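Enquirer: I'd like to ask you about the structure that follows.
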């Protein structure tokens, strides 16, 4: 179970980081969302993984640590609000800057590179 | 009442900010009601902070268990001399920028004053909390308020800068949570004082994981405080934000520096066993590089705001140097410098906007433009701020840099700290005098002076308040230094903290 969990968190984090390194706001918003999912899963596992363990004392033989569950709830709420904000900001940026690039303009020589390779093809 | 005193600096702006969202205060035409409310709330906050400092000086540090959940289980607020001083600093800065914003900045958007109050909630909460997760929550509170304040007034440049700022800080928040999860997974606690006990008892393999968590935490605080490889966002963001907001942001970098001081002195300080002083080797080169890059940036700045933004980076570098020396004396000197640099860089941002509004389209850029309408007044304000930020006597910057240099004891450290601080001061003077000559003396020959952009009384009162606070740092220099020395001693005295929390060594 631990291995599966670790692989999942790792893959989601890697995807999130990759998407955050892109140059357009849409992929970054998706990347941030994935990153916050990965973080929530990670935080949840910081109290160790238990099966059949209620967080309330006395209801089952072994019990799970309730604190990470509370932390994850807080992190989900905050993360959700922040993602909502960044979506709105990205749309505002699209309207104000006329494109969805993070820098607000094309990177300096993209066009030239694209054009020259087009010519060769 | 004294019992609940340490939570009041968080509650007052929170309730005040929420009240300002209600009908008597909301709406574009009700700005006078909002201004009155802001004045009342900020003054109440200032009064409470002074009361808090007074109580702590007389009775020692205070612990406040929220909901009466005793440590190590509940969320603990902990007010000692250091956090009380920073709360007071925040409220002075807030009063200054609120007064300044009454001149018209606050009418560019409806929610300026409530947002400023929410930002103060976050800043004061981050200073007062003793729980790492609670620190994260207050970071988010101050960040989301700052995201909205950053684009206050609108405009292309602000949106572009804000996109960078928000994305960077969201990634920072994710890293923060990962490091908290790592630290909680290994030490089993989030209380800063309790963690300092647990960290020393970790087994080898656990200590390795905790070290990873602690290093990740440094990335987060480094991002907030604009430490070197993570400082690129700062000059652009601060230059794009409207002046009172940029001045308020001057304390946000100090929140990061404060967290470095707090976490790496208490948790990963001398008593942390294997992990003792684990960032010391990192922080030296980073502090030195931050100082150098900040100074180069100051020399290369095309406008007064960018210059002020780079001076914020310089001040962070100097503070990190004071941290890297790792003695209570150096911490005391750093704290004094922290108070000074926050007030002065805040004032510089405000002065930059005042200059800009009298120079037509040139704003505060260092180009030949029309003649200033009130050169004597603005010149005097700029002169005081520039002398102070560069560290020339008789102003507070001189005192701050002097005590930092005096606190260095080892010879090899002396070479680095003395040469860096002095050379960066010299280059700062060069940059500021270049700025001053262009702004005040070079103007287009036949440009007539029109009365446009006259500085309002509100603006002057805000700047004068900040400058006067900085000057009074010098007048009461001895008392201030004694206070910061006590604060630093308290910060380095781990046993005192554990006694107040009723935590004892050797596990539960």
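The chain as shown is numbered from 1 upward.
Heads up, the Cβ atoms here are built off N, Cα and C, so glycines get one too.
The domain 'NADH:quinone oxidoreductase/Mrp antiporter transmembrane' annotation in TrEMBL covers B:130-428. Positions annotated as transmembrane segment by TrEMBL: B:6-26, B:38-57, B:77-99, B:111-129, B:135-153, B:165-187, B:207-226, B:238-261, B:281-300, B:337-355, B:415-441, B:462-481 (among others).
So that I understand the layout, could you describe where these features sit and how close they are to other parts?
Expert: Sequence-distant neighbours of the transmembrane segment (B:111-129) (same chain, 6+ residues past either end, Cβ-Cβ under 8 Å): 6-7, 9-10, 13-14, 16-18, 20-21, 34-35, 37-38, 41, 45, 75-79, 83, 86-87, 90-91, 94, 97-98, 101, 105, 135, 137-146, 148-149, 152, 248, 251-252, 255, 258-259.
Within its own chain, the transmembrane segment (B:207-226) is flanked in space by residues 139, 168-169, 172, 175-176, 178-183, 185-187, 199, 233-234, 252-257, 259-260, 263-264, 267-268, 273-275, 278-279, 282, 286, 290, 312-313, 316, 320, which lie at least six positions past its ends and keep a Cβ under 8 Å from the stretch.
Under 8 Å from some Cβ of the transmembrane segment (B:238-261) lie the Cβ atoms of residues 82, 86, 89-90, 93-94, 96-98, 100-101, 105, 108, 116, 119, 123, 126-127, 135, 139, 142, 146, 149-150, 152-153, 155, 157-158, 160-162, 218, 221-227, 283, 303, 305-306, 308-309, 312, 315-316, 319-320, 323, 331, 334, 338, 341-342, 345-347, 349-350, 352-354, 462, 466, 491, all in the same chain and six or more residues away from its ends.
When Cβ-Cβ distances below 8 Å are used as the criterion, the transmembrane segment (B:337-355) is approached by residues 85-86, 89, 92-93, 96-97, 100, 238, 242-244, 246-248, 250-251, 254, 257-258, 303-305, 307-308, 311-312, 315, 318-319, 322, 364, 372, 378, 381-382, 385-386, 388-389, 396-397, 399-401, 403-404, 439, 455, 459, 462-463, 466-467, 469-470, 473, 480, 484 of the same chain, each at least six residues removed from its ends.
Long-range contacts of the transmembrane segment (B:415-441) within the same chain: residues 284, 288, 291-292, 294-295, 298-299, 301, 304, 307, 311, 314, 317-318, 321, 325, 355, 359, 364, 366-368, 372, 375, 378-379, 382-383, 386, 389-392, 401, 404-405, 408, each at least 6 residues beyond the stretch ends and with a Cβ under 8 Å from a Cβ of the stretch.
Sequence-distant neighbours of the transmembrane segment (B:462-481) (same chain, 6+ residues past either end, Cβ-Cβ under 8 Å): 92-93, 95-101, 244, 247, 332, 336, 339-340, 343-344, 346-347, 350-351, 354, 381, 384-385, 388, 394-396, 398-399, 403.
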Enquirer: With pairs fewer than 6 apart in sequence excluded, do the transmembrane segment (B:77-99) and the transmembrane segment (B:6-26) have three or more C-beta pairs that lie under 8 Å?
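Expert: Answer yes, regions in contact.
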Enquirer: What else in the chain is close to the transmembrane segment (B:281-300), if you only count residues 6 or more beyond its ends and a Cβ gap under 8 Å?
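Expert: Same-chain contacts beyond the ends: 218, 222, 226-229, 231, 235, 260, 306-307, 309-318, 320-321, 323-324, 416, 420-421, 423-424, 427-428, 430-431.
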